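Look at TrEMBL and you will find S72, K79, S148 tagged as CoA binding site. Among the features that TrEMBL reports, domain '3-hydroxyacyl-CoA dehydrogenase NAD binding' is placed at 28-213. Annotation source TrEMBL lists domain '3-hydroxyacyl-CoA dehydrogenase C-terminal' at 215-296. The annotation site 'Important for catalytic activity' is assigned in TrEMBL to H169.
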Amino acid sequence: MAFATRQFVRAASSDAATAAAKKLLIKHVTIIGGGLMGAGIAQVAAASGHTVVLVDQSDEILKKSTKGIEESLKRVIKKKFADKPEAGAEFIKKTLKNLTTSTDAASVVHSTDLVIEAIVENLEVKNKLFQTLDKFAPEHTIFASNTSSLQITKMANATTRQDRFGGLHFFNPVPMMKLVEVIKTPMTSQKTFESLVDFSKAVGKSPVSCKDTPGFIVNRLLVPYMMEAVRLFERGDASKEDIDVAMKLGAGYPMGPFELLDYVGLDTSKYIIDGWHSLEPNNPLFAPSPLLNKLV
């Protein structure tokens with residue numbers, strides 16, 4: 001019996017080791033989109049030793065992105081290497097060495113392990129991008145979207161790699177915010193999911209897992225909260241200023257809901273709630289706001 005038990009333990013250990021070996025160790029990352037989010041993701045990936053290619057439509061945009069990354073890194077070393085300026089300079093040098101740029105996504109994905117999309121929040125545009133890259137990326141390459149509100153499943157279905165597709169939702173500003181939501185669709189393989197979790201940890205983030213549901217975790221709670229604050233004001237129940245003060249002092253939030261709406265962007269908030277309303281028109285939490293629509 002003891003022998004059988006030992007055999008079972010060895011077999012179980014062997015199975016676990018085999019499963020772990022099947023996970024993809026992500027070394028080379030291609031990030032599509034040189035805006036705030038894409039540049040931020042590129043920075044943390046390059047700073048953690050990954051080889052990164054940042055892609056956008058023009059060299060002008062990419063120069064601006066690279067300059068922004070350099071400025072951000074200088075802010076990082078002021079805190080991280082306050083007493084070691086030489087080490088800080090070396091850190092910036094190594095990080096920038098890991099980063100290159102390109103205006104041709106198709107030509108740079110041929111040797112990448114992970115593609116992260118961080119472009120405009122438009123499903124049609126995203127799907128077109130993924131369809132194109134699907135033809136050029138290797139079979140092992142994982143695709144991920146940084147979308148905050150669109151369905152990952154619909155993007156995955158635009159490709160032939162539904163099992164190697166997931167969501168990696170970073171938060172702005174990426175170098176400062178510790179959270180990453182890792183989204184698993186019904187088709188995402190366990191191997192892909194674990195690889196995305198491991199990558200999130202490797203870039204210094206704390207990953208949380210969520211199914212492919214509107215807004216995932218944070219925005220699913222945050223957007224209806226902000227919308228309810230707007231409705232509270234629309235009804236004349238309280239002023240914007242008092243609502244913000246109440247939530248900061250009463251709930252301990254760093255920003256009130258109206259400050260946060262301004263930070264997120266009224267247009268972005270409207271776009272998200274309109275999309276969710278089209279998916280679930282009878283859900284009162286997703287009801288559009290006449291005032292928000294008017295302001296936008």
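Backbone N, Cα and C define each Cβ position, glycine as well.
Over the domain '3-hydroxyacyl-CoA dehydrogenase C-terminal' (215-296), the average per-residue pLDDT in this prediction is 95.
All chains included, 8 other C-beta atoms sit within 10 angstroms of the C-beta of K79 (CoA binding site). H169 (site 'Important for catalytic activity') sits 6 Å from S148 (CoA binding site), taking the C-alpha atoms as the reference points. With helix defined as DSSP H, G or I and strand as E or B, the domain '3-hydroxyacyl-CoA dehydrogenase C-terminal' (215-296) counts 60 helix, 0 strand, 22 coil. Here CoA is bound by S72, K79, S148 per the record. The longest Cα to Cα distance in that group is 29 Å. Packing around S72 (CoA binding site) is summarised by its Cβ count: 18 other Cβ atoms lie within 10 angstroms of its Cβ, all protein chains included. All protein chains considered, the CB of H169 (site 'Important for catalytic activity') has 24 other CB atoms within 10 Å.
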